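S.K.: One structure, as structure tokens, below. Some questions next.
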Amino acid sequence: MKKKVLLIHTGGTISMHMSEDGGVIPDTNNPLMQESKKLEMIADLIEIEAFNLPSPHITPKKMLELRNLIIDTLKKNTVDGVVITHGTDTLEETAYFLELTTNLEMPIVLTGAMRSSNELGADGVYNLVEAVRVASSDQARNKGVLVVMNDELHSAVNVTKTSTSSVSTFQSPQYGPLGLVTKTLIHFQQAPMKREYVEVNSLDKKVALFKIYAGMDADLLHSAIDCQYDGVVLEGLGQGNVPPAILPAIEKLIQHGIPVVLVSRCFNGIAQGVYGYEGGGKMLEDMGVIFATGLSGQKARLKLMIGLNQEVKPINVKKFFI
Ligand SMILES: NC(=O)C[C@H](N)C(=O)O
């Protein structure tokens, strides 16, 4: 029996076209809406155009709207899986947001394109067909939120955009893809280790993300206090170190009760308290900086924001990041 898939469009290059002057722009008539025939050979569809936005215009509030749209639609309809088309620039953030804020057994699959609908070698419809195949497959159940692009399956936790323009832009640097999509198979070679779920209904708490660099001064970090941020994520150096000049600012943030979470700006490996010199990870740990294991800066920022906005009870930030 044919499966039923909820297909939600949010915009991005997959829904855009190249105009005569060579600029890639959003289309008022989403070209994907004309592709239903190809998709209905795979699954019955419920198709919704939620937004038509370039993904740099997507905010966490929009991600929450999207999450609520999925949950509300599933209350009224029986479906086997969900596919979301999305711009690639922030696709990994929406995918990770949904990973943390949904707890469904059915697959939620995000896909996009690097070439717009009327460009030579357009990859959008191909990726969409694969995403619908994955969303309607039994193998994809209980695997968390997935990203399907360019014949690969990635987990929302590890996937990141690695190239500005290549169709193989999405990679999972630490652990590799979860699997492959071939013409005939959906093949998982590994499964996510754990799944987390956090109940959020609003996003009032603000979290800032700072990339640490050689010679950084403390002034930028002070702005997080002045602008009343509720949490700060630092993308630190190497195994999790910072220049000594920003230590007083980190101390001040912690004194103000603003949690400071540290990840590495390296995209492989884990930030940890190894170095005992001034600004080294060991010293940061002793000061109360919390190390996030293996997440990128943008994902740790979303996780802290979601945690601080949790509905039921305040989180213990340290435990939340273990
Ligand atoms: N390939 C893409 O989708 C990039 C585009 N700028 C977006 O994220 O909306």
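Placement of Cβ uses the backbone N, Cα and C atoms for every residue, glycine included.
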S.K.: Quick check: of Ser55, Ser136, Ser137, which does TrEMBL put in the same substrate site as Thr88, Asp89?
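M.R.: Matched candidate out of Ser55, Ser136, Ser137, per TrEMBL for substrate with Thr88, Asp89: Ser55.
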S.K.: Mind tallying the domain 'Asparaginase/glutaminase C-terminal' (206-321) by DSSP state, helix then strand then coil?
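M.R.: Summed over the domain 'Asparaginase/glutaminase C-terminal' (206-321), the classes give 43 helix, 20 strand, 53 coil.
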S.K.: Reported as an integer number of Å, what is the Cα distance between Ser55 (substrate binding site) and Thr13 (active site)?
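M.R.: Roughly 9 Å, rounded to the nearest whole number.
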S.K.: According to DSSP, does Thr88 (substrate binding site) fall in a helix, a strand, or coil?
M.R.: coil
S.K.: Can you check which residue among the recorded positions Thr13, Ser55, Thr88 has the largest number of Cβ atoms within 10 Å of its own?
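M.R.: Ranked by Cβ atoms within 10 Å, first place goes to Thr13.
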